[in-house]
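Feature annotations, reproduced from TrEMBL:
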- 417-440: compositional bias 'Basic and acidic residues' (COMPBIAS)
- 406-440: region 'Disordered' (REGION)
- 17-39: transmembrane segment (TRANSMEM)
- 98-118: transmembrane segment (TRANSMEM)
- 124-143: transmembrane segment (TRANSMEM)
- 226-251: transmembrane segment (TRANSMEM)
- 272-290: transmembrane segment (TRANSMEM)
- 302-322: transmembrane segment (TRANSMEM)
- 329-353: transmembrane segment (TRANSMEM)
- 365-389: transmembrane segment (TRANSMEM)
- 475-500: transmembrane segment (TRANSMEM)
- 506-530: transmembrane segment (TRANSMEM)
Amino acid sequence: MSGTGESVFKPLLGQGVGYGVVVGVGFFFAGVMLVLTYLQSKYSDTSPSSSEEFTVGLFLYSNRVERCSKGTVAERLAQCEIGGAATVNALTGMSIEAACMLLPVGIAVYVIFGGLRATFVCDWSHTIILFIVIYIFVFRTYGTSPDIGSYSKMYELLQQAGVDTPVLGNAQGSYLTMKSNQGLVFGAATIPKFPTYPNPLSASQASAGLAAPAAAAVLMGKGGAIAVLLVVFMAVTSAASAELIGVSSLFSYDLYRTYYRPQASGKEIVRVSHIFICVWAIWMGCWAVILNKAKIDLGWLFYVQGVALSPAVVPIGLTVTWSKLTRAGVFAGTIGGLILGMCSWMIGCWKIYGTINITNLALPYSAVCSGLTGLLFSGILTVGVSLINPDNYDFKGTRAIARYDDGPSAKPIPSDHAWEKEPSSPSIEKDGTSENGADKNKDRVSVIDVTADLAESQDKDTEMRKTMKAVFKRAAVYSVILTLIVMFIVPLPMFFSHYIFSEKFYAFWTTCTILWVLMSGAFCIVLPLWESRTEIAHILGGAFRSMTGRP
């Protein structure tokens, strides 16, 4: 029994619901993905048995580009699904250990059978459900909820929350301000329906990711709990499936094929990828259990992830954008930035909080000391070391990455030096015959065919590079504008002025947020369908002809 003032999250659903979602819904989506994969294989030209179709993604190609341009650099991966298990446990009482071990099972099934395409399709289907649930909560909160139901009521509740449980470091302790020394704060009104009432969520519960389940329980009771459970499940499976594909690609291509079996065929790569997916799925569950037993929650992982990954941001970005970058610069920036970041992490924790322990290391100021130090010095070291003896890389090697599949469709991409490598035949004589008496015209026709193919390939490559440059420039402009607005132009003036939202400004802010969510859903749900309309029509047409017996 909990003591006075201690926050206890009361499960709203039975353990059976937790197991039903984790196992039942997981295998339901696995079955759906298997059916879609079968239709794709039968009625289109793509097949998950192809190694490039099964594994290729940005994660894989970025590593291969890295290796082609700078050699083999140790790749990093840091991801865990412990937040999902904590939410399932809080809402249903299901064992965290069981949730950690069962979550990857259904994911591994459809990833093994469907590969990368199944991951994309699953992400899209999960996105639909995510946005539907978000829309339900938005309209429930500001439209039909008897406890809130309007902008003005939510504004009153947030004002009262700032009085009852003020936020340390916020302007006047308010939840309605950008002036927050602890970052963005999720606020919830303390009303009798709150799962931990009469106490607010504890810091550990908020750090474990339980703010959203708590708010859902307030708004919709068991229905809200089920909705959040589905949302968390969708988010975890989407992230985990991408991680499984990424890790299997890393091991099968960058380790197995590079160092152990350089002549491995496409089918062998797929088989090895299946093995790595199974092994990593088991490891994901075990690692999540280990972290849970060590009392490491989602908030701690978020902070430490920034500590570990910040030093790699600049070197990786420059790898594909700066021709003067050198291997020594990549290593110096990544390793040096990591070491300096770790040192500042420990020193900052000691100087600011007095003691170095797991809890203090994940506090905001400790993590910021490390993240900023690692990011800044990794950039300085990467650029500085590279400028000592700059490279002059032309990125031709990255454009000549070959396909590894077997069969007629798996043709290597010709390199930019193909003209120089094409040997001349000494057997072709001036009289028009070769050494064995064959007509030299046959050889000439063969050379002309190869020359034409190479010329066509180079033309396509040139055109593709022009297209990619145009897309890159457009994306860069959009990204810079959006980053400036979201990270500087809007929040910083309000932060430094200690502005606290008025009711009218809060209504405007919330309206903009709702419009943003509506537009995001439209883009994420409708655009993929529109872009894939030809392939979808082809598959549906093939299935219809098979069912009706038409040719």
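Using N, Cα and C of the backbone, Cβ positions are placed for all residues, glycine too.
Just so you know, TrEMBL annotations never went through curation; they're auto-generated.
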Best-contacting stretch, by C-beta pairs under 8 Å, relative to the transmembrane segment (506-530) and drawn from 17-39, 124-143, 272-290, 329-353, 365-389: 124-143
Leading stretch by Cβ pairs under 8 Å, where the reference is the transmembrane segment (272-290) and the options are 226-251, 302-322, 329-353, 475-500: 226-251
The transmembrane segment (329-353) versus listed stretches 98-118, 365-389, 475-500: most Cβ pairs under 8 Å: 365-389
Recorded stretch, among 17-39, 124-143, 226-251, 302-322, 475-500, maximising Cβ pairs under 8 Å relative to the transmembrane segment (365-389): 302-322
Range from 17-39, 124-143, 226-251, 302-322 with most C-beta pairs under 8 A to the transmembrane segment (98-118): 17-39
Dominant neighbour of the transmembrane segment (124-143) in 17-39, 226-251, 302-322, by Cβ pairs under 8 Å: 226-251
Long-range neighbours of the transmembrane segment (17-39), counting only residues six or more past its ends (CB under 8 A): 48, 88-89, 91-94, 98-99, 102-103, 105-107, 109-110, 113-115, 117-118, 121-122, 125-126, 226, 229-230, 233, 237, 539, 543
